[in-house]
Structures are given as structure tokens and as C-alpha cells.
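Below: one structure, written as C-alpha cells.
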């Protein structure tokens with residue numbers, strides 16, 4: 001499901017030029033269809049997140065997968081631009097809800113010393129969903145039709161829904177000592193699948209205030225600062241090439257959609273894979289080694305040390321792409337920059353997700369919603385990236401993006417230095433202490 005969210009959003013990206021011709025729109029305008037899905041994917045977790053804490057992760061996931069399937073079917077059958085936007089919005093609501101349970105499930109199932117590696121596995125699927133989508137989407141559009149860019153994810157998501165019905169038991173449970181002492185038997189696998197009442201926390205009722213809990217978490221520097229930097233990381237290391245490469249590689253290198261999809265998907269996938277190989281185990285190992293120097297007490301801020309590598313790799317990768325494209329170098333060379341950015345993004349994602357979960361484990365659902373929102377905020381890039389690059393040159397435009405990415409890392413540096421002190425000064429969040 002972590003994979004299918006970005007996959008649903010991005011599978012059509014290499015075909016934006018083709019869609020623009022069929023719907024008689026510019027490439028920039030047709031890219032708003034992706035923008036709409038990204039927005040809804042970022043907003044919908046604010047609705048589904050509180051539901052997962054009351055009714056469980058499983059029922060919300062099943063409903064959201066169904067919505068994603070219906071949205072894709074509607075997009076595949078769309079004959080007007082407005083219909084395409086509406087069905088893409090429905091799809092975004094669905095995959096946003098699917099992704100809202102990811103970090104919460106990781107925290108439900110794994111201990112502190114495992115969380116970095118397991119979070120890394122989760123984030124590599126989140127990151128690479130869009131990359132694999134680019135490879136599939138380009139060839140589907142070129143050899144079948146752009147409509148198959150929506151039929152394929154609808155089929156795959158439907159298969160995932162079927163698998164989840166029988167293979168995704170509930171992970172939510174109360175850690176309250178009194179509640180656990182009253183349990184007399186272990187629930188069977190089938191009860192965890194098909195007995196939704198047994199998965200509900202006793203005495204818990206959904207309240208209107210719970211839909212605003214995520215915003216309350218923004219008062220904590222250890223939440224808002226990672227969300228802030230992750231927004232820029234995702235925007236410039238992942239969404240920027242996804243939204244611009246189709247137009248740039250068509251106009252400058254005259255590649256077809258299939259080749260563009262391969263260029264985008266392979267470069268991003270390789271960079272992300274190498275980033276996770278570096279970040280996953282290393283994050284946990286670094287936490288363990290440094291804990292020995294502090295009387296065996298692990299400090300979440302130690303995970304952030306690896307972001308210094310990400311803060312170097314991502315801006316450099318963005319600059320490499322912009323300069324190489326502007327100077328019309330061989331089309332393979334800019335892809336090195338894309339891979340470098342993806343490497344840094346994967347390292348940053350693993351560290352930031354694990355850090356926030358370590359700091360506020362009971363509130364993982366709320367912080368996960370905020371991280372999803374940060375990805376949704378990247379929609380604004382569609383309005384200015386290509387026009388800005390065409391006006392001032394891709395080299396200067398992409399250098400500007402790189403400087404923003406590097407500059408906004410400094411709040412993370414502040415967390416490394418003062419994060420523990422800030423957490424001690426601020427009161428511990430009172431919500432969901434039973435989790």
C-alpha cells in the first residue's frame with residue numbers, strides 16, 4: 001500500500017504530453033490532474049487518521065483501497081477534462097487514506113531498535129512507487145493508450161484489496177496495563193480479520209476534536225521542523241523531475257513517452273535503492289553506537305546525523321540536472337543528477353520518519369498525517385517550475401531550487417543541537433497515551 005499510493009498518483013506522468021493533445025490543453029494545465037490527486041492525497045489523511053485510531057487500521061485501509069480503484073476506473077473512462085479532474089481527486093482521497101496507516105502500523109508492530117530499518121523499508125516503497133509507475137506509464141501510453149495508465153493501477157490496487165481482505169490483520173491494540181491485565185485469551189487470526197469490534201479500543205468514541213489533533217502536534221519542533229524540510233525534499237527531489245521531465249525530454253531530446261518513463265523511473269529507483277541500503281540499518285546502528293556513549297540511553301536526534309549526507313546529495317543532484325539540460329548534454333547525464341537527488345531523498349525520508357516516531361510514538365498516526373500532508377503540499381510546484389525554467393533557463397531555475405533545499409535543512413541542524421532540550425521543555429502530548 002505504501003507503494004500503491006505514489007504509483008496511483010504518478011503512473012500517468014510520462015504521458016502528460018499525450019493527454020494534453022487528447023484533451024486539447026497545455027502540458028502545464030493537464031499536469032493539474034496530477035496536482036489534484038496529490039492535494040487530495042495530502043488532505044484525506046486528516047479525515048482517515050482519526051478513524052484509524054478508533055475503528056482500526058484495517059477497515060480504513062479496505063475502504064480507501066476501494067475508493068482508489070473506483071477513482072482509477074473513472075479516470076480511465078473520462079472523456080472530458082473536468083471528469084478527469086474529479087476522478088483523479090477521488091483516487092487521491094483513496095490512496096491518501098491508504099498511506100495514512102503506514103507509519104502507524106510500523107510503530108504498532110516494531111520496537112525502537114528495529115524502527116529505523118522497518119521505517120526505511122516502508123519509505124522505500126513510498127518513494128519508489130512513483131518511480132516504477134514512470135516506467136510502466138510511459139510504455140503503456142506509447143503502445144496501448146494513456147487510458148491504460150489508469151486501468152493498470154486500478155487492477156493492481158484491486159488485487160491488493162483482495163489480498164488485504166485475507167492477509168492484513170488489525171495491528172491496533174491498547175497498551176494500557178489495566179486493559180491488558182483483563183484479557184483472558186489471545187485473539188485468533190480470523191478474529192483480527194473479520195471481528196472489527198474486537199479491534200476497537202474499549203470505551204473509545206470518535207470525537208470532533210480528534211480531527212484537529214494533527215495540527216496540535218505542530219507545536220513541537222521535533223515534528224514541525226522535520227515536516228518542513230521533508231516538504232522541500234519531496235518537492236524538489238521527487239516531484240520536480242516527475243512533473244517536468246516529460247516536457248523537457250520531449251522538447252529537448254525528442255524522446256517518446258516509453259523512453260521518458262524509463263529514464264525517469266530507472267534513475268529514481270537506483271538512487272532510492274542505494275539510499276535505503278545506506279540509511280536503513282545504518283540509522284539503527286548509529287543510534288545503538290551513540291547510545292553506548294550516553295549510558296545506554298538512545299537519543300532520537302542521533303538519527304538526524306545522516307541527514308547531512310542528504311543535505312549535500314539532493315541540492316547537488318538538482319543542480320546537475322538543470323545545468324546538463326540547459327547545456328543540451330547527452331540525455332543520460334542529467335539522469336545522474338536525478339539519481340543523486342533520489343539517493344538523498346531516501347536517506348532523509350528514513351531518518352525523518354524514524355526520528356519523529358521515536359520522539360512521539362503514541363502519536364504516530366497524527367505525525368504520519370502531517371508527513372503525508374507535506375507530500376501533498378508539493379502540488380504548488382506544477383504552477384511555476386516549467387514556466388520559471390523556460391524564462392530564466394533550467395540551470396538558474398534548478399540552482400534556485402537547490403539553494404532552497406539546502407537552506408531549509410538548517411532547522412534540522414538546530415534539532416541535532418537543541419532538539420532534546422526542546423523536548424524536555426515542552427510538555428508531553430497527552431493524546432493516545434494508551435497506544
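Positions of Cβ are set from backbone N, Cα and C atoms, glycine also.
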Look up transmembrane segment in TrEMBL and report which of 124-144, 187-207 it refers to. 124-144
Segment assigned the feature transmembrane segment in TrEMBL (from 55-73, 150-168): 150-168
Establish whether the number of Cβ pairs under 8 Å between the transmembrane segment (227-252) and the transmembrane segment (150-168) reaches at least three, counting only pairs separated by 6 or more residues. no
Mind pulling out the one from 30-48, 150-168, 258-283, 331-356, 398-418 with the most Cβ pairs under 8 angstroms to the transmembrane segment (304-325)? 331-356
